[in-house]
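Below is one structure, written out as structure tokens, with a few remarks after it.
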Amino acid sequence: MATKILMVCLGNICRSPLAEGILRSKLSEDFIVDSAGTGGWHAGELPDKRSTATAKNRGLDITNQRARQFKQSDFEIFDSIFVMDNSNYKDIMTLAPNEEAKLKVKLILNEIFPNENVDVPDPYYGGQDGFENVFDMLDQACEEIARKLKQ
Ligand code: 4NP
């Protein structure tokens, strides 16, 4: 069965759509990559225009994505759930039905800064440069995730 990876942030319009697009670009179609938000305010929306522009600058098209809210059945479907910040981590862990589900949840930047529990900063209220910075962090983290998945 295909390995399934879920990227999670708050709104599923800024950070996790970038993480989804970046990781998918590094893996074959044998892997399933999706994203979701802990909140549902933006459900059905396209990624934020600043995320779409940042991705496009780096050669990625993420306009096929639509925001959705994380749901408890995601714990059964996905093998790994990468959250963008400590607030997302707390929210998702609260929903985890058992120990097996909790073990699937990881802070994405711990892939490149092990055990440091660093947040991917929320770029929503900032400018375009915040999105470029987020892209660079996620690109490095996804490179490491892809490397491990291909081993
Ligand atoms: P994201 O960014 O969690 O990276 O998608 C945000 C998007 C929307 C809001 C907050 C953060 N909001 O408050 O609507």
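Any Cβ shown, glycine's included, is placed from N, Cα and C.
Taken straight from TrEMBL:
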- 3-148: domain 'Phosphotyrosine protein phosphatase I' (DOMAIN)
- C9: active site, nucleophile (ACT_SITE)
- R15: active site (ACT_SITE)
- D122: active site, proton donor (ACT_SITE)
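All features noted in TrEMBL, drawn onto the structure.
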| residue | record | DSSP (3 states) |
| --- | --- | --- |
| C9 | active site, nucleophile | strand |
| R15 | active site | helix |
| D122 | active site, proton donor | coil |
Other CB atoms, at most 10 A from the CB of D122 (active site, proton donor): 18
PLDDT averaged over the residues of the domain 'Phosphotyrosine protein phosphatase I' (3-148): 98
Cβ-Cβ distance under 8 Å to C9 (active site, nucleophile), same chain, at least six residues away: R15, S16, A19, S35, G37, T38, V83, M84, D85, N88, V120, D122
Residues in the domain 'Phosphotyrosine protein phosphatase I' (3-148) grouped by DSSP into helix, strand and remaining coil: 65 helix, 22 strand, 59 coil
